[in-house]
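Before anything else, here's the structure in question.
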Amino acid sequence: MPCPVLELTQQLIKRPSLSPDDAGCQALIAARLQALGFTIEQMSFGDTLNFWAWRGQGSTLAFAGHTDVVPAGDLQLWDNPPFEPTLCDGMLYGRGAADMKGSLAAMVVAAERFVAQHPQHEGRLAFLITSDEEADAQDGTVKVVDALMARQERLDYCLVGEPSSSRQVGDIVKNGRRGSLTANLVVQGVQGHVAYPHLADNPFHRAMAALKELVETQWDEGNSFFPPTTMQIANIHAGTGSNNVIPGELLVQFNFRFSTELTDVIIRQRVEALLQHHGLRYRIDWSLSGQPFLTARGELVDAAVRAVEHYQELTPRLETTGGTSDGRFIARLGAQVVELGPVNATIHKVNECVSAADLQLLSRMYQRIMEQLIL
């Protein structure tokens, strides 16, 4: 028997939507939603396609996701072409299968089944879809949220279809994410000949103690919802490439993944106080990718947990680990936000895949969440 979730996922994978190119995915999704009576509002910015769609009135449950995917990498390493969906031994292979075209298909089919069974549902069902999540994330969900906030749009609940699961679909529900703050530090020295160090000032040597202290600092202890804040050096560069030149500058890039125990302002203040304590001449630029957010136990979390328990005979763990997601933008609307999606073992990898059976389960879970919140 044909599976509508699998078929739609295959259609989406066939469209090579390398971020921020949508490659026709949103037109396909929007047409399916429009046939259900959804109002479709295109909200594109620059090269990014976005749309906001809704049906009904009242308490609003939105499903959010992205149509863009990361590059496939070396095509020779793939068993099959990445944009030719291949079903083998119950697994669907293709770029975006797990992240996150499978989730999008599951959402759409869940909405189709829900509307068919409950055409006069009480609440409002909505979709927020973007083609700019995997790359810069500058013209995608963040811009749509800005527009919705400007007109005081109401959003009560939002389910993001990111691949949250670890071993079994539904074993983890993300009910928050850590904040992300990146520092680009330039430590200034004086360039010179390595044979005459007294005539130069090596910024690498001067910065080592400060960097050691940065790495060894315990920024907080976390809390019952978040692990302790972490700091990792991501890139470091100094020198001309010559073995006889003392560098004049040291460039260090480091990133914080921070809990609700800290704010980005506190982190900046502590870092700059440390650098000044070590007497460094420096300049530093900061980039905040997102604040931490948390959805406590309530209607949405409980609905997601019950949906998983109904179909999987397991109780999902609530976690806030992992990277950032567009949930960080949607949380600004005051909505309860969770992430529930496929197993993430192969995302961004060669031979990305998802279980066909999991896609069907996921769609049923999404439908059950709709039934709990907007009937």
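Note that Cβ sites are derived from N, Cα and C of the backbone, with glycine treated the same way.
From a predicted model like this one, the values you see are computed outputs, not experimental measurements.
Okay, so Swiss-Prot annotates it like this:
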| type | residues | note |
| --- | --- | --- |
| BINDING | His66, Asp99, Glu162 | Zn(2+) 1 binding site |
| ACT_SITE | Asp68 | active site |
| BINDING | Asp99, Glu134, His348 | Zn(2+) 2 binding site |
| ACT_SITE | Glu133 | active site, proton acceptor |
Looking only at C-alpha atoms, tell me how far Glu162 (Zn(2+) 1 binding site) is from Glu134 (Zn(2+) 2 binding site), rounded to the nearest Å.
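About 11 Å separate the Cα atoms of these two residues.
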Could you find out if DSSP has Asp99 (Zn(2+) 1 binding site) as helix, strand or coil?
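For Asp99 (Zn(2+) 1 binding site) - judged by DSSP and reduced to three states - the answer is helix.
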What's the most sparsely packed of the binding-site residues His66, His348, counting other C-beta atoms within 10 A?
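Sparsest of the binding-site residues His66, His348 by Cβ contacts within 10 Å: His348.
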Minimum Cβ neighbour count within 10 Å among the binding-site residues Asp99, Glu134: which residue?
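Relative to the other binding-site residues in Asp99, Glu134, Glu134 has the fewest Cβ atoms within 10 Å.
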Does the residue listed as 'active site, proton acceptor' have same-chain partners at least 6 apart in sequence with Cβ under 8 Å from its own Cβ, and which are they?
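Set apart from the residue listed as 'active site, proton acceptor' by at least 6 residues yet with Cβ under 8 Å, we have Ser19, His66, Asp68, Gly140, Thr141, Ser325, Asp326.
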Once the chains shown are all counted, how many other Cβ atoms turn up within 10 Å of the Cβ of Asp68 (active site)?
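Summing over all protein chains shown, Asp68 (active site) has 26 other Cβ atoms within 10 Å.
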Looking only at C-alpha atoms, tell me how far Asp99 (Zn(2+) 1 binding site) is from His348 (Zn(2+) 2 binding site), rounded to the nearest Å.
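Cα-Cα, rounded: 8 Å.
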Please list, in sequence order, every residue of the chain apart from Asp99, Glu134, His348 whose Cβ lies within 8 Å of the Cβ centroid of the Zn(2+) 2 site.
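Not counting the recorded site residues, we get Val69, Val70, Gly96, Met100, Ile347.
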